[in-house]
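As recorded in Swiss-Prot, the features of this protein are as follows:
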SIGNAL    1-19  signal peptide
CARBOHYD  Asn28  N-linked glycosylation site
ACT_SITE  Cys72  active site
CARBOHYD  Asn87  N-linked glycosylation site
CARBOHYD  Asn90  N-linked glycosylation site
Amino acid sequence: MFIQLLILSYAILLQLIATQVADKQLPNLTKQCEPTSQTIYDFHVPTLDGSEKSLAEYRGKVLLLVNVATYCAYTFQYNDFNPMLENNSNGTLKILAFPCNQFLLQEPAENHELLNGLKYVRPGNGWEPHGNMHIFGKVEVNGDDHHPLYKFLKEHCPQTVPIIGDRHQLMYNPIGTNDIIWNFEKFLIDKKGHPRYRFHPSAWVQGSVIAPFIDELEREI
């Protein structure tokens, strides 16, 4: 019995070490998604003009999905999106942005106002999205009315931090343990439509945190 317990303890220790090593291979505030046979191609999302668009139109592309807001401390990241896409010479990368007003009401604009807000207010200075960046209609990413796409992403990609935030800043119910934590959280999708990585809003540094993961997925067949 003692030997069996010793072997079991050793096996558990090896598993813990393997898990710790795997975690250390990822930057802080980055999580790997769980494998799933379902893809984002099963979903339709609202556009700025009120119509619906199938995400199946993005087959074969590496996708960076991000929930955005105009009046957020992370809004400066918009200034990094266009250079990131310009440097993607093969055009494989697409950025899909989903405006959301659930975090301290930092996206109050109506759909028809969003692009002008970005152009003239924040980030301002005439900012317009690159041709490979698509800004969709407003959605909810948490709570009872979360969009099915975000329900799917949260089910298969673990939370990047143990604490979500202050309750009074979250404009939805109920609060879930795997909720989107704030504006500009990101999901990286491979060329077959599977979610692969989840990134905390602050895991950015002008896109340099995410760039190696994009390169990895672009190399995949």
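Note that the numbers count up from 1, one per residue, in the order the chain is shown.
Just so it is clear, glycine is given a Cβ too, placed from its N, Cα and C backbone atoms.
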Integer Å value for the Cα distance linking Cys72 (active site) with Asn90 (N-linked glycosylation site) is 31
Here the 10 Å Cβ neighbour count for Asn90 (N-linked glycosylation site) comes out at 7
Counting every protein chain shown, other Cβ atoms within 10 Å of the Cβ of Asn87 (N-linked glycosylation site) number 10
In the three-state DSSP scheme, Asn90 (N-linked glycosylation site) belongs to coil
Cα of Asn90 (N-linked glycosylation site) to Cα of Asn28 (N-linked glycosylation site), in Å and rounded, measures 29
Filtered by Cβ under 8 Å and at least 6 apart in sequence, the residues in the chain of Asn28 (N-linked glycosylation site) near it are Ala203
All chains considered, the count of other Cβ atoms within 10 Å of the Cβ of Cys72 (active site) is 19
